Amino acid sequence: MKIIYALFAAAFAALAIVPFAAPWLQFVLTIAIAKGFAAVGVALLLRAGLISIGHAMFYAAGAYTAAFIVLWSGISDLFVLLIASTLVTAAIGALVGAYLVRYRAIFFAMLNLAVSMVFFALLSKLYGITGGTDGLRVPVPTVLGTTLTKAGFDIVLFYVALALMAIIAGLGVQFLKSPLGHAVGAIHTNEVRLEYLGVSAWSVLLIAYTISAALAGLGGAIAAVSIGHVLPEYAYWTESGHLVLTAVLGGIGGVAGPFIGSIFLEIVHTVAVGVAHNAWNLIMGATLLLVIFFLPQGLYGLVTKSADKTSSAKLGENKS
Amino acid sequence: MLDMALPLIMDALANAALIFFVAVGLTLVFSVQRILNVAHGSFYSIGAYIAASMGLWLISAGLNPWLSFPALLLSAALVAMVLGPLVERTLIRWTYGRHEAIQILVTFGLFLILEDLQRLVFGVRSIYQDTPMALLGVTEIGGIFYLNYQLLLIVLALAVLFGMRFLIKHTRLGRLLVAVVADREVSLAMGINTDRAFVLAFTLGVFLAALGGALATPTTGVAPGLGAETMVLAFAVAAIGGLGQIEGAAVASIIVAGAKVLAVYYAPAFDTVAPFLVMLAVLLVRPNGLFGTATTRKI
Amino acid sequence: MKHIVRTAGTLMASLVLATQAMAQDKPEQIDVGVFTFTSGAPAAYGQPGAQGAELMVDLINAAGGIDGVPLRATIVDEAQGAEGVIAEYRRLAGETSYQVMIAALSSSNCLALAPVAEQMQMPTIGWNCDTHQLFLDQQLDYTFRPNGNTIPEFVAYVAYLLQVNPDIERVAIINPDYAFGHDAAEIVKAAFRAFKPDVEIVAELFPSLGASSYQTEVSRLSAARPDAIFSNLWGADLENFVRQAQPRGLLTQSQTVLALGETILQRIDLPDGVIVGMLGDGYWLTPHAQANEDTVAFAEEYSNRFGEYPVFPTMKMANSFMVMKAAYEAAIEANDGEWPSRDEIAAALEGLETATFTGTARLREDNDGYVDQVIGVTGPSETYDFSVITNMVRYDGEALMAPLGEDPIAWIETLTPEFLETLPEPGSYN
């Protein structure tokens with residue numbers, strides 16, 4: 001166990017010096033962490049045995065909420081934006097989830113896809129409100145009332161994202177240990193037994209769904225202020241697929257997995273884009289298949305293999 | 001309003017025909033394999049690329065342009081015969097009986113691979129092959145010129161619909177598929193070669209997708225991204241009709257195409273939203289689709 | 001607290017900037033980032049631009065580079081989306097050998113890159129994006145657009161249409177569904193209100209960018225029975241639309257205006273009499289271009305290398321390289337022969353005026369450009385086996401541009417039908 005914490009601390013320290021050691025990586029990592037939040041949300045549902053190929057809509061919802069708040073209300077403080085976007089997305093998630101968590105398996109996947117496609121189509125078609133396929137520009141937010149240059153803001157944002165990642169990871173570990181966290185996993189293992197224990201699967205899943213949406217929304221809001229622009233593509237179904245891919249690649253066993261997956265993918269993408277621009281999806285697809293076939297616990301599984309045998313969860317594992 | 005009725009119906013049918021081919025393939029594979037094949041749209045675009053390339057080659061080789069019609073069919077068959085068994089035996093078979101999340105992810109991985117393979121093989125620019133359309137000319141209906149090729153598509157879609165019905169109700173393969181869908185283990189015990197049934201059904205699904213793509217080329221350009229776009233539209237149709245329902249897919253094609261055409265005529269801002277709004281509305285009321293039932297699966 | 005945040009932010013920003021200190025010595029090589037679409041439906045338009053960049057680099061290097069330093073272009077594909085484009089821009093701008101970016105093709109990428117350019121203090125030349133919103137409510141010090149904007153481009157089309165066909169009453173619009181299409185529709189409608197208020201817009205369609213099938217739209221347009229159809233579809237979309245509309249008689253049923261029609265003349269056999277243009281003066285067969293032996297040589301070399309003649313995105317790209325070269329040379333001269341910094345190049349771009357392959361590029365105070373607008377109709381060619389543009393007119397770019405600081409759409413509304421009489425006649429530029 002201790003080895004893992006040492007590893008995480010080392011990785012965290014390495015990330016923290018990025019703005020000085022490799023400034024070009026700073027933007028890439030901010031985005032990676034942002035997508036990591038969404039991937040953690042997807043992973044939470046995967047633990048319950050539910051696959052959502054529509055979660056990019058919540059990422060987009062967080063991003064557009066941030067943009068709308070700045071454009072409509074003029075409030076542009078980073079922390080207000082992040083908190084408000086997360087809350088709004090959580091509300092949307094609860095609303096959509098209240099209906100969707102009644103379904104399992106293929107129907108859950110399909111309905112998520114259906115809702116996300118409506119969401120995507122509306123974002124790209126309501127030109128007057130959403131800016132259509134051009135999206136909306138997000139001005140540089142202030143930080144606690146202080147106006148910063150874009151460069152200064154980007155550095156602040158990077159450390160905020162890094163800190164949030166640590167906080168979410170900590171909370172996530174506690175959540176998974178809590179009765180509710182166990183109940184989420186139990187839905188996958190044996191939902192009927194869970195109901196016999198007097199736990200409502202519907203409310204457990206609704207809470208999980210809302211949390212997962214809120215995480216995706218937080219990620220979207222970070223991406224929005226980092227990129228400075230929000231686009232409907234954020235909600236496209238292939239993006240949802242990529243989020244699931246990220247979660248599975250990193251491993252859904254622990255909260256760290258999806259972040260590892262996301263950071264790994266973004267860095268490799270940045271390095272490889274010049275060499276393999278037209279083959280990037282091919283590489284991703286092949287990697288995904290290899291991970292599913294040979295590494296069901298994802299990259300995180302590699303880290304924990306020797307150190308910790310308790311927190312391993314495999315994708316689609318039948319524990320019955 | 002009334003003078004618009006004829007063009008509206010014509011456009012809806014012409015659009016429906018094109019969506020139907022690919023949606024019926026998706027629904028067939030779901031009903032037999034019980035897999036939502038996310039890579040289904042890629043078979044559509046591969047069919048389109050092969051058909052366009054073959055057509056262009058025919059013309060550049062100076063052969064009779066009427067040969068471009070059988071070439072459409074041939075390219076779809078070619079795609080199905082090569083990719084169908086290959087994909088089913090290597091990837092899809094591995095997922096049988098596994099968790100839905102794994103099944104969807106495996107086909108998503110396949111989708112990513114196929115998308116880039118198309119870029120690498122066919123390039124990234126649009127290609128066009130409109131000889132079959134040009135050969136057939138136009139017909140005036142309600143004061144608007146329609147391509148005779150569009151009318152031919154409607155006829156072909158009907159032929160596929162009745163062909164599928166015939167295949168399932170009156171042929172040995174059809175009965176085998178029905179048996180496998182009904183109960184795989186009993187079928188196996190009865191001596192049915194379920195492996196073979198699965199390969200055949202999957203290959204037929206690939207053929208229908210590729211056929212849809214091939215038949216679309218004379219009226220549209222082929223470019224990267226077509227597969228992803230087609231996938232969600234086919235999915236919308238299959239979901240509205242009820243996954244696994246062939247007649248359902250036919251009715252749903254007309255509903256989706258009708259919604260889109262109505263939007264283009266009267267509310268252009270909603271043309272791409274319309275199919276998905278209809279899908280959501282239907283699924284909210286009937287999650288199994290218009291013709292689907294929760295327990296039984298049929299084809 | 002505020003103070004701490006600000007100090008920390010400034011401190012870190014300066015630390016980061018210090019790690020990428022600017023080298024002012026004469027470099028071994030000049031790198032330039034060129035942003036265009038090389039994949040997807042827009043590649044049909046973006047690829048000729050990329051090829052233009054490739055040829056320009058070779059031509060400039062063959063003539064000794066810029067002040068003896070050879071040039072190298074890095075092509076970035078805009079099809080990867082704003083996020084990827086920004087990441088790539090940042091990566092390139094982080095290297096000192098890059099002192100100018102030529103970006104971008106799409107208006108949304110120009111809008112997304114403008115704040116990044118300001119932040120990284122990187123001179124950026126907009127080679128093709130033309131949204132009038134770019135300089136509307138912001139002061140940009142590092143973004144320059146010798147390419148001009150949508151206002152003169154689309155006012156010119158309405159003017160030409162009414163000059164050749166004053167009796168137009170019913171107009172239909174089919175534009176791509178993003179800012180470029182919507183802005184153009186607004187401008188066209190405003191121009192009709194100004195020049196001929198009784199014109200009725202009978203259909204307004206915005207198919208998605210990259211749509212492959214236009215059959216329903218063609219039916220809808222046919223059913224509306226318009227006197228004129230206006231479209232600023234482009235790239236593969238335009239090619240798709242025309243290929244599907246032409247057999248169904250749409251292009252001859254109404255007077256069709258294809259704002260970016262010049263790009264498909266060599267690929268599709270358009271009927272005679274379609275109003276086409278090039279959003280500026282970038283046509284290699286105008287009297288200006290043909291009188292310039294460099295332009296003729298460029299077109300011939302382009303055709304030898306790529307198997308077709310240049311289209312206007314090629315010329316826009318080539319002209320942007322000429323603007324960049326002029327800026328470098330002006331900056332070197334202002335610097336007494338020393339190699340200039342990014343800031344000095346940006347200073348040289350301020351108010352720059354330089355000859356291009358097809359006319360003159362002139363930057364005004366807000367860094368937007370004045371570009372003449374050339375429009376004509378398709379007609380047969382005596383020399384080439386494809387249609388060319390005939391009955392041309394060349395409108396003065398400045399006359400059609402909203403004055404500095406004025407709301408452009410409101411400015412169009414102030415125009416009157418008499419304004420048309422001040423413009424040169426179609427056919428006056430052949």
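The first residue you see is number 1, and the count goes up from there.
Here the Cβ of each residue, glycine as well, is placed from N, Cα and C on the backbone.
What TrEMBL says about a protein is an automatic prediction, not a curated fact.
Range annotated as transmembrane segment by TrEMBL, chosen from B:104-124, B:251-271: B:104-124. Long-range contacts of the transmembrane segment (B:144-168) within its own chain (CB-CB distance under 8 A, at least 6 residues past either end) are made by residues 7, 10, 13-14, 16-18, 20-21, 24, 28, 132-133, 136-138, 174-175, 177-178, 208, 211, 215, 218-219, 246-247, 250, 253, 299. Counting residues 6+ beyond its ends, the transmembrane segment (B:12-31) has Cβ neighbours under 8 Å at 37, 40-41, 43-44, 146, 150-151, 153-154, 156-157, 160-161, 164, 181, 201-202, 204-209, 211-213, 215-216, 230, 233-235, 237-238, 241, 243-246, 248-250, 252-254, 256-258, 260-262, 297-299 in the same chain.
Long-range contacts of the transmembrane segment (B:104-124) within its own chain (CB-CB distance under 8 A, at least 6 residues past either end) are made by residues 35-43, 45-46, 49, 53, 87, 91-92, 94-95, 222-224, 227-228, 231.
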